[in-house]
Amino acid sequence: MSWVLALPIMIPFVTAVLAFLLRRSRMGDLASVGGSAASLVVAVVLIAEVLDQGVIAGQIGGWQAPFGITLVADHLSAAMVLITAIIGLSVAVWSLAEIGPTSARFGYHALFQSLLGGVTGAFLTGDLFNLYVWFEVLLISSFGLLVIGGRKYAIDGAVKYVTLNLIATVLFLAGAGLLYGATGTLNMADLRGAVAASPDQGLMTLIAMMLMVAFGMKAAVFPLFFWLPASYHTPHYAVSAVFAGLLTKVGVYALLRVFTLIFVGDVGYTHEILLWVSLLTMLTGVLGAAAQSDFRKILSFHIISQIGYMVLGLALMTPLAVMGAVFYLLHHIIVKTNLFLIAGVSQRLTGSSDLYAIGGLYRTAPLLAALFIIPAFSLAGFPPLSGFWAKFVIVRASLDLGEWLVAGVALLVGLLTIFSMTKIWAEAFWKAHPEGRQPALADLPRSARWQMMVPIIALAVMTVVIGAFPSAFLEFATKGAEQLLDPAAYVAAVLGEARR
Amino acid sequence: MNSLILSVGARFLTALFLLFSLFVLLRGHNSPGGGFIGGLIGAAGFVLYSFAAGVDAARRAVRVDPRAIGVWGMALAIIAGLASALASLDPFTGLWLILADLALSTVLVFDIGVYLAVFGAILTLVFALEETL
Amino acid sequence: METLVACLSGFLVATSIWLMLSGNLMRFLFGLLLLSNGVNLAILAAGRLTPGAPPLLGVKGELPADTMANALPQALLLTAIVIGFGLFAFALALTIQAYRTFGHLEVDRMRIAEPAEERE
């Protein structure tokens, strides 16, 4: 039982070791792709187990919970691991075309794989301190990836990213330490009971707020998002694609986990804050995007506004809303990564990411234009794409609660998202290239064309499939939300039936 | 650094540090100590040597690229964790081989991996920092 | 003893915030280091500070309950210190690189990736 939980974490690290040792040859790149494929297989096995048996838990080293390190997979965790593996494989293939031998020798593939390992570990761990460790693992890898180009631009972005993320890290550590001091446990399932039984509920709320700030900073919610638009447009495109897809979502996942499993004692207070935070996050993100003229900067600001929707689902805390948040999380990772990959191809073809300096892609690269339409419309929430269902569920949930203002903001932000997507479309695809260049996909070397386009097509197909057959995915998300809101199965799987 | 005492003393001290780091590594099984602190002490020996004789000389003295040492250490630790699959136990469960008075275990292999990983990582960092100054 | 350590931890955090408000990256970094030390102290204090027995079982497995400090926060602390060390070393290397690239360490003037002027 434990192995199916441990392997998704171990495979990326084994791959990282191999990729590092082979970094001087082409074999290192292939090791990275092969390792990602193996991760995908294991992730599929894991999700099949979870669908079959419900929540599964395992102990590292055979030390029983709540003393040892616990790994747990419920529907949400298993789905996140699967999506991480999908994104990992797509970006690993895509980066073959972008990452040159210099970056590869510096250890790009090893860092990339250990980032994936850290993300997977964060999704699977059942222990708050272990979550901190995985956050650090992915943080250190992301630092390395951010500066790997070594350009002035990237150093500037990295300074802001590193400093602000370090503060969040220290806050997380402080919160975890105080929580241990107050309850005497760090196992998340055990914490649920311990926090509820604590005589000092005020202290619990204080710690909850510390963790909220720490995770919020990682998730880039309203007052704490400055680092994201300052840094995400600086590194390699493959790096920013995987960051955009996965890093902030780890923060959202942590919020979802901690504020449904552990801190549910004062929902009226904590979730009210989350509600206002999420509304402001959506608005500032989308308005920030409207003011930008760089392909990647627009997309970066849209990450922020989309994070708002997910946090909104958590803040409303009804089964439907949490289901919407889970569905949104899963759909968004695919869409956002794909948009960054498309931005990368566009930059490669036109030579710039400044929307005013490029153009003509619709005429010369119609395939890319068609592939851009799919995730862009999905992001904005057009039916019948995946984003429509995600937004629909969230808006529906807020209407059910009579939160008209919330629903109005969610719809308005969707509208403004269309504005940004239209801007990219008009500038990059529709208008002619200002210098009269005729960028075409055929200009790329044959191998690079395949390596870049196959992942984009695969992710676009997934978006369409989720949109066209939403019932299976919505059902899955419903099950995930049920497990989040009623964690009895989770607690029982970790601590055993005896302590239920 | 032009200190005669340091540059003469560093040679002996580096050897002493390395010996002591091995002692701490092996002692770590049932007493305070272990791979992590051992790796730190071992790395400290070479850091001291790099202060006395320069980074180039210290790199030559280590002989292998410290990054490779770190990565091999990580590989060893993972292998030690995987080994328990052979006995169909949970990952990272310790396996024991008792030869008369000598008790060998995968825990020790893991600890050696940690030792190498820490040793390599610290030296990578410190050498890189010293070279940029 | 706990009160004293708590005050010290608070003092470290206050100092670190003052340092981190500076626009100079190096001072910010020192502030961050102090902050993580303050937090580490707080965790240490959470695990009971006592000069009593080491947290080991006796020969017959008996627990030296009251005199013993909780060993887990110390283990957590060790992990946190190590991680903090790694992160700090990276941040320091980045700072050196930033100084070489920009020739100064004023974060307010690092605007290459975010140009201040807007396009007409």
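Every residue, even glycine, has its Cβ placed from backbone N, Cα and C.
Automatic, uncurated: that is what TrEMBL annotation is.
Record features, source TrEMBL:
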- A:6-23: transmembrane segment (TRANSMEM)
- A:30-51: transmembrane segment (TRANSMEM)
- A:71-94: transmembrane segment (TRANSMEM)
- A:106-125: transmembrane segment (TRANSMEM)
- A:126-414: domain 'NADH:quinone oxidoreductase/Mrp antiporter transmembrane' (DOMAIN)
- A:131-149: transmembrane segment (TRANSMEM)
- A:161-182: transmembrane segment (TRANSMEM)
- A:202-225: transmembrane segment (TRANSMEM)
- A:237-261: transmembrane segment (TRANSMEM)
- A:273-295: transmembrane segment (TRANSMEM)
- A:307-330: transmembrane segment (TRANSMEM)
- A:367-392: transmembrane segment (TRANSMEM)
- A:404-426: transmembrane segment (TRANSMEM)
Cβ-Cβ under 8 Å with the transmembrane segment (A:367-392): same-chain residues at least 6 beyond its ends: 302, 306, 309, 324, 327-328, 331-332, 334-336, 338-339, 342, 345-346, 349, 361, 410, 414, 417-418, 421, 424-425, 429, 441, 453, 456-457, 459-460, 463-464, 466-468, 470, 473-474
Do any residues, 6 or more residues outside the transmembrane segment (A:106-125), come within under 8 Å Cβ-to-Cβ of it, and if so which ones? 5, 8-13, 15-17, 19-20, 23, 28-29, 31-32, 35-36, 39, 69-73, 77, 80-81, 84-85, 88, 91-92, 95, 99, 131, 133-139, 141-142, 144-145, 148, 238-239, 242, 246-247, 250, 253-254
What same-chain residues lie close to the transmembrane segment (A:131-149): Cβ under 8 Å, and 6 or more beyond its ends? 103, 106-108, 111-112, 114-115, 117-119, 121-122, 125, 155, 157-158, 161-162, 165, 169, 172-173, 176, 188, 218, 231, 234-236, 239, 243, 247, 250, 254
Test of understanding: applying the rule of at least three C-beta pairs under 8 Å (pairs 6 or more apart in sequence), is the transmembrane segment (A:404-426) touching the transmembrane segment (A:202-225)? no
Sequence-remote partners of the transmembrane segment (A:6-23) [C-beta within less than 8 Å, at least six residues beyond its ends]: 29, 31-32, 34-36, 38-39, 42-43, 46, 58, 60, 71, 81, 85, 88, 104-107, 109-114, 116-117, 120-121, 124
